[in-house]
Amino acid sequence: MIMTLKQRFSLILAIILIGISAGLVAAALSWLIHTIEFFAFGHSEETYRIVTEDTTPTRRIISMMIGGIFVAVGWWLLQTKGRPIVGINQQINPETEAHRKPPMIENLSHSLLQIVAVGTGAPVGREVAPREIAAFFAGRISHWFAFDKDMRRVLIACGAAAGLAGVYHVPFAGAIFALEILLGVFSPLYAAIAFAISGIAVFVARLEISPEVFYVVGQMKGDWQQTLWAGVIGMLVGLPAAWFRQMSKKAEQTRAKGGQVLWTLPLAFLLTAVIAIWLPQILGNGRSAAQTAYWGVSLGLCSALLVAKTFVVLLTLRSGAYGGTLTPGLSLGALSGLWIGLIAQFIVPEADLLTATLAGSAAFLAVSMNAPLTAFALVVGFTGQGFDSYLPLSIAVACGMATATLLPKVKK
């Protein structure tokens, strides 16, 4: 791509502005969800790794009911009174003028409702909201500079991914997310833009977001035993992860809309809160469940959390809520790996549970997102893993993708 000096200057300026806007979005939404969590649970994830610790069932039920009613009314109003919401993919590949210039009030309100839902305990991911708002501002900035269709597409995708990078402090994973998932194209120019915008966003987001790793986990060993063990975990996790991807897509495609959400969402939130009387770790975006798995629990509790978290995520999406499946998928992978590891210890007592949980997270996330590179980068970034983890995590991802991709075809 040959550009004039003026075009290069405009591109550099746009990259800086998009990175700053994505970082500010990430910081603002993190502040907002922590504030909501404080009112809902008396503290936030900033101070409690498991946000539901030291909370009573009554408080959790009240929080979920208030949140469920609030977001139900909000999404009902948006769907019945507002203009159509324009998703990230529609902004990246617009077909109409409305796709090129999404409605500000409706799009921002839709994203903010997701933060309110997760902040009050909804068991879905919060990562979609910063991506959506960051993409919105990236589109506006691209419009101001009058970039052509191809460059606008790249900048919106990289801006959306930078929102994710800023929230979780994972600049490398954010750039890979843009290239692998949103663009599906690798080139030196696109990679440079993706890394620059994600890097700026993470730097700016430090205004509110701590650079500490998201999960407290030990360091994996890269010896041949753990590498083989990670591969086994990846193979066993692949099919359940593929099933979860299929079911979550089905739930999203058939989710309740319009007047239905006025009763389906509060009911789903109430049912989730009732289950959380005994399993409070299922509430929230998956961080509590994943951290519980990384710290280790009994086989019985692990089994209950795995089944319950899967159920409430699918229930919430089907009942009309919007949100991500990234962090829920990571938590389900950690629980799946832990469950396999605990079973294996009956036969091989020295089976390593740390490797099982991390390999399970990476493989499950890779399959559920259909994005092996992004999954690898996210798990490394989320857990602060060092160089020794790269080989076993890579093998886990490869085996998980192979199982999910090849076995169904052989069966046919």
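Each residue, glycine too, has its Cβ placed from N, Cα and C.
All TrEMBL annotations are machine predictions without curation.
Feature annotations, reproduced from TrEMBL:
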{"type": "TRANSMEM", "residues": "12-33", "note": "transmembrane segment"}
{"type": "TRANSMEM", "residues": "61-78", "note": "transmembrane segment"}
{"type": "TRANSMEM", "residues": "154-179", "note": "transmembrane segment"}
{"type": "TRANSMEM", "residues": "185-205", "note": "transmembrane segment"}
{"type": "TRANSMEM", "residues": "226-243", "note": "transmembrane segment"}
{"type": "TRANSMEM", "residues": "263-280", "note": "transmembrane segment"}
{"type": "TRANSMEM", "residues": "292-317", "note": "transmembrane segment"}
{"type": "TRANSMEM", "residues": "329-348", "note": "transmembrane segment"}
{"type": "TRANSMEM", "residues": "360-383", "note": "transmembrane segment"}
{"type": "TRANSMEM", "residues": "389-407", "note": "transmembrane segment"}
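The stretch in 185-205, 263-280, 329-348, 389-407 that contributes the largest number of Cβ pairs under 8 Å to the transmembrane segment (292-317) is 329-348. Sequence-remote contacts of a segment are chain residues at least 6 beyond its ends whose Cβ falls under 8 Å from one of its Cβ atoms, and for the transmembrane segment (389-407) they are 219-222, 226-239, 241-242, 355, 358-360, 362-364, 366-367, 372, 375-376, 379-380. Counting Cβ pairs under 8 Å that are 6 or more residues apart, the transmembrane segment (154-179) and the transmembrane segment (12-33) reach 3 or more and are in contact.
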